[in-house]
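Colleague: Quick paste from Swiss-Prot:
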type	residues	note
TRANSMEM	28-48	transmembrane segment
TRANSMEM	57-77	transmembrane segment
TRANSMEM	86-106	transmembrane segment
TRANSMEM	121-141	transmembrane segment
TRANSMEM	182-204	transmembrane segment
Amino acid sequence: MAVPLNLAVETEKAQALLQTFSTASLFASAGLGAFCFVADHFLTLPFIQHHLWLRALFDNTVHAIIGLWSWAIVIGLRKKSDFYEVILAGFLASVIDLDHFYMAGSLSIKAAVNLPHRPPLHCSTLIPALCFSLRLLMWACRLKDSWCSLPWMLFISLTSHHIRDGVRHGLWVCPFGNTAPISYWLYVTITATLPHLCSVLMYLTGTRDMISTKHGVAIDV
């Protein structure tokens, strides 16, 4: 009986992995890439460029939408709590821009966008460090499996933000400095495929199994 049971479990896992690339998720990813293109084009319009606060607000809103959209692709939207999760993902993708004001020591938007160097949360080396630290903290606090997706949510929110910023500034990889700016279409491609990469990594680490139990169904993203 053990062999058929194990085979059934492995078959279910394989099906869950294949569902990561379902038709619905691929359409959602294509929509995410299209949104990036349209939103970035909108940001270049003169009435946006001539108002610093408006430009910063819209740019930050785009970061938030990309973050929540990406996480929605990962987990799917099946019940009310899923919407709370994607909103949190959008918030995390957006809130890191507050470090501009921290670095500027002022609420002046002009000072915040004209810093001598990049603020701390824009160091890409911090992403794996923060995600791993959060995972260790959750383990130390013995949090329930229902919280197991938090490090991955943080990963996709921060990474999507950094990749988008990388078009203009490259990635800041401490202690090695900045990379060359990321080409625009590479940024769009990475952003659209990042949810699927995240899903595969979650599958390989067993996180998707715990989330499927939490959601009560096999996740189809």
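Count begins at 1; order follows the chain as displayed.
Glycine residues also receive a Cβ, built from the backbone N, Cα and C atoms like all the rest.
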Colleague: In the same chain, who gets a Cβ under 8 Å from the transmembrane segment (28-48) while lying at least 6 residues past its ends?
Modeller: 54-55, 58-59, 62, 65-66, 69-70, 72-73, 164, 184, 187-189, 191-193, 195-196, 221
Colleague: What stretch of 57-77, 86-106, 182-204 shows the most Cβ pairs under 8 Å to the transmembrane segment (121-141)?
Modeller: 86-106
